[in-house]
């Protein structure tokens, strides 16, 4: 499968910021892990990170025009209020899994609501970098069920 992995604001700072919540692995190490695991499973993985909402939307639309089979998105804080990203996910009709490194449901109240998850086929949270691999497996299972 051709899978796009999109990471939103501040995820480039993982390994630097709030290590007790997000872990000590660098963003670069997590990206390498995702690529390696995807390759082992026979997938073509494209990674993208931006701190800008419009760039994330552009990348989602690019996934449509470049015929991606699945998307994994960690919208970061946009999770809680970006109806524009929600609409972009809905508009492209590509199976998408939302991922969060931490368990957002065990944190502050404002983090418990996701406006982007309803546009996705599911959500993985609280599994650290393994959440991305679980999302790959979810996309595989979804494809097999079609």
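Using N, Cα and C of the backbone, Cβ positions are placed for all residues, glycine too.
Annotated features in Swiss-Prot:
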type     : residues                  : note
ACT_SITE : 22                        : active site, proton acceptor
ACT_SITE : 100                       : active site, proton donor
BINDING  : 74, 80, 87, 101, 102, 111 : substrate binding site
SITE     : 17                        : site 'Transition state stabilizer'
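Feature map: Swiss-Prot annotations on the structure.
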residue	record	DSSP (3 states)
17	site 'Transition state stabilizer'	strand
22	active site, proton acceptor	helix
74	substrate binding site	strand
80	substrate binding site	helix
87	substrate binding site	helix
100	active site, proton donor	strand
111	substrate binding site	helix
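Most other Cβ atoms within 10 A: among the recorded positions 17, 80, 100, 111, that distinction falls to 100.
Taken over all pairs of the listed substrate-binding residues (74, 80, 87, 101, 102, 111), the Cα spread reaches a maximum of 24 Å, rounded to the nearest whole number. Residue 74 (substrate binding site) has a Cβ environment of 25 other Cβ atoms inside 10 Å. Between the CA atoms of residue 74 (substrate binding site) and residue 100 (active site, proton donor) there is a gap of 6 Å, rounded to the nearest whole number. Using a 10 angstroms CA-CA radius around the residue listed as 'active site, proton donor', the recorded positions that qualify from 17, 22, 87 are 22.
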